[in-house]
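**Student:** The active site, proton donor feature in TrEMBL is assigned to 102. What TrEMBL records for 66, 90, 344 is substrate binding site. Sequence annotations record features per position, and here TrEMBL assigns NAD(+) binding site to 185, 216. As annotated by TrEMBL, site 'Important for catalysis' applies to 142.
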């Protein structure tokens with residue numbers, strides 16, 4: 001099931017639980033604006049190349065729209081729509097004053113030189129500079145983009161509007177980026193996991209973890225969990241997978257992965273089939289890679305008691321049903337991986353104030369938001385007698401619906 005269908009399904013279930021009227025429900029789903037632009041640049045060899053850039057701005061009832069910009073060859077409009085909508089609910093669950101957006105350029109960043117990427121980013125910014133802004137829509141990095149991309153957008157945008165560091169987040173520290181932003185999603189996953197385990201009378205220490213994905217989120221989550229005494233027994237990434245029932249030495253693995261561009265060949269564990277990573281024996285499973293990896297084919301074989309969704313949409317609705325019958329507790333992506341957008345909000349706040357925080361303040365504020373967020377989700381679970389996913393969705397949808405009605409926007 002694709003991301004848009006699943007997101008719409010969750011939204012409709014939440015709207016039904018909340019008893020929203022059908023007109024309001026319909027208007028909440030329709031994107032505020034969809035932008036599509038042609039970006040033509042000279043390549044290094046002098047030939048011209050054209051790419052399609054786009055931005056879906058989903059909702060701005062609660063504040064400026066917020067969401068990533070991805071550079072990827074297969075940019076599927078349905079997926080981008082789903083991710084923009086998901087950002088609307090996610091920012092509402094986190095209780096930060098934003099709505100959702102998502103965008104990108106259909107290109108293969110691996111096939112473009114740095115100067116071609118810079119030209120492409122600047123042309124894209126020229127085309128959308130009057131449609132984004134500090135109080136309108138604040139982009140951030142996503143697949144295939146990073147702090148350097150944000151620096152180019154900031155510079156190009158500032159040519160039109162004056163120096164505006166708050167127009168994008170995920171910037172390099174030297175240009176007003178926030179300390180703690182790099183680790184933020186992984187740090188949020190840690191705080192979310194602590195909140196959930198706390199509810200069940202457990203702590204991270206001594207629990208056995210399996211992590212799928214060793215990119216930014218997976219690597220930070222692994223490092224922070226092992227520092228708290230969690231035992232990581234298996235890890236995979238695109239290069240391969242390893243297992244060690246005594247616990248993998250994470251600092252050594254980080255060093256290995258940096259030198260060898262992946263976990264493959266690491267000697268502190270036995271190689272296993274990456275396909276089997278999700279069904280390895282553990283207490284807590286953290287999918288931190290792609291969407292749709294937990295489905296009806298493998299859901300029955302999952303041995304974990306808790307699943308923390310660090311990736312976007314890793315669990316199919318069919319798998320959700322199978323797992324809830326087995327009594328597996330799933331902490332949904334819309335809450336579990338919101339650490340990244342929460343620290344993006346802190347970065348925006350610091351830029352607007354012109355006053356930067358130290359890393360300790362960033363992390364303690366993040367912990368407050370994640371802890372409060374979990375309490376709010378649990379409250380909704382009690383009110384509507386539902387699981388954590390529906391608790392989070394009803395929380396998010398309700399906040400956006402209330403803002404929409406208060407602003408007098410309902411149809």
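Even glycines carry a Cβ here, placed using N, Cα and C.
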**Student:** Including all protein chains displayed, how many Cβ atoms other than that of residue 90 (substrate binding site) lie within 10 Å of its Cβ?
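**Tutor:** For residue 90 (substrate binding site), the count of other Cβ atoms within 10 Å is 27.
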**Student:** By CA-CA distance, flag whichever of 66, 90, 102, 142, 344 among the recorded positions is nearest to residue 216 (NAD(+) binding site).
**Tutor:** 142
**Student:** Might you list, by sequence position, any residue in that chain lying six or more from residue 142 (site 'Important for catalysis') with a Cβ less than 8 Å away from its Cβ?
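**Tutor:** Once residues fewer than 6 apart are set aside, residue 142 (site 'Important for catalysis') is near 67, 68, 69, 70, 102, 104.
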**Student:** Which chain-mates of residue 66 (substrate binding site) that are at least 6 residues away have a CB under 8 A from its CB, listed by sequence?
**Tutor:** 87, 91, 98, 99, 100, 101, 137, 138, 140, 169, 341, 344, 345
**Student:** Given the binding-site residues 185, 216, 344, which one has the fewest other C-beta atoms within 10 angstroms of its C-beta?
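**Tutor:** Sparsest of the binding-site residues 185, 216, 344 by Cβ contacts within 10 Å: 216.
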**Student:** Between residue 185 (NAD(+) binding site) and residue 90 (substrate binding site), find the distance joining the two CA atoms and give it rounded to the nearest Å.
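**Tutor:** Just about 13 Å between their Cα atoms.
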**Student:** Neighbours of the substrate site 66, 90, 344: Cβ within 8 Å of the Cβ centroid, same chain, sequence order.
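**Tutor:** Filtered neighbour residues, in order: 67, 87, 91, 94, 96, 98, 100, 140, 338, 340, 341, 342, 345.
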**Student:** Consider each pair of residues in 66, 90, 344, all listed by the record as binding substrate, and report the largest Cα separation in Å as a whole number.
**Tutor:** 13
**Student:** With every protein chain in view, what's the tally of Cβ atoms within 10 Å of the Cβ of residue 102 (active site, proton donor), excluding that atom itself?
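**Tutor:** Result for residue 102 (active site, proton donor): 29 neighbouring Cβ atoms inside 10 Å.
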